[in-house]
Each structure stands twice: as structure tokens, then as C-alpha cells.
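Taken from Swiss-Prot, the feature substrate binding site applies to 7, 42, 111.
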């Protein structure tokens, strides 16, 4: 059974990013799900699993600006990024897809994890 998971790390403090809003949709469709990360920077259940996970292109929207704004940063350090959009393709509905996001107020890195 395939699944889609994610994990967000805050590079400014080297800790998981809790309470980050994530939107997920299939390309060309409206938002399928909106979830928030837990204290470990993960979502409590897979974003997609089983029959929900179908081949195709998807978009995840990580609401980075809201997250960093909640950290009471100095005005000069207000985040440059508001929403990090990641567009990706799921080819095998039986595979486990994990998309980690390494995040700072001014940049990010995303990759297919394991």
C-alpha cells in the first residue's frame, strides 16, 4: 500500500517545524487536504494512502510565512518566503513517497526522501 508523507525541519534552530499548514492538491484541481505538522514536524497520518494515492502530478503548499511570523522575528528578519510550492509526480501508487522540507525564512531545500 502506497503513501505520501512529509517532514519539515526549521534550519534557523535545527528543530522540527511544528504547526505549519500544508495544502495538498492534484494538479489542476482544488485543495484536497489541509493539515498541520505536529511537534515532530510531521503530519500525524499520511497525506495520501491506499486508494487515495493515485498516479499523477500533485502540488504541496507549505505555509512558511505564517510559521515564521508566529516566531516573533525582528522586523528586519521577516520571512521572504510566504508559501513554498512543491510540484511533483507520483508514478507508482504502491510506493512510499516522502517529501522532506528543510526551511529557513529566506530559502528551502526539498527532496524525495525514504
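Just so you know, glycine gets a Cβ as well, placed from its N, Cα and C.
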DSSP three-state assignment for residue 111 (substrate binding site) = coil
Pairwise CA distances across 7, 42, 111 (listed as binding substrate) top out, in Å, at 15
